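Have a look at the structure below before the remarks.
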Amino acid sequence: MADQLTEEQIAEFKEAFSLFDKDGNGNITTKELGTVMRSLGQNPTEGELQDMINEVDADGNGTIDFPEFLTMMARKMKDTDSEEEIREAFKVFDKDGNGFISAAELRHVMTNPGEKLTDEEVDEMIREADIDGDGQVNYEEFVKMMTSK
C-alpha cells in the first residue's frame, strides 16, 4: 500500500510525522495522530481516527511508528481519491445538476462517439442501478454501481 506513494509524498509525510514525534523516538501517540493528519489536508472523524489507530497499532501500546503511519496515510488517500473520482463521474452524467441521473442524461453521455449503446442497453443500465425504482439513478445508487465490481 505505502509503495504506491511518491517520494515527494513520503518526504511530506516524514516531515509531518517528525513534527509530532517530540522525543524523536520514531513513534507518535494516538492523540497526536489527528493533528498530523489534519496538517496533511485530511479531515478524519474521531471514529475514523480510532479505526485507523486500531488497524495500525498492532501491539496496542498507543503509539504508531513511521512505516505504520505511511500505510495508514496511503489507505486514507486511496479512499479519498476514489470518492472524488466517483463524485466527478456522477457530475458528468448529471447534466442538469439535480442530483439524479435520468435515462435521458445517461443516454446522452453513453451515445456520444466511442460509447455507442442502444436505447435498450441504456434502459437496462438504469434498471440495474435504480435501487429505489424511481426511474433514475441518485448519487448513492451511482456509488453502489461504481463500487460493486
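Cβ atoms are placed via backbone N, Cα and C, with glycine included.
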Of Glu88, Glu105, residue recorded by Swiss-Prot at the Ca(2+) 3 site of Asp94, Asp96, Asn98: Glu105
Asp130 (Ca(2+) 4 binding site) versus Glu68 (Ca(2+) 2 binding site) - Cα distance in angstrom: 40
Thr63 (Ca(2+) 2 binding site): nearby binding-site residues from Asn27, Asp96, Asp132, Cα cut-off 10 Å: Asn27
Fewest other Cβ within 10 angstroms of its own Cβ, chosen from the binding-site residues Asp21, Asp23, Asp130, Asp132, Asp134: Asp23
Helix, strand or coil at Glu105 (Ca(2+) 3 binding site) [DSSP, three-state]: helix
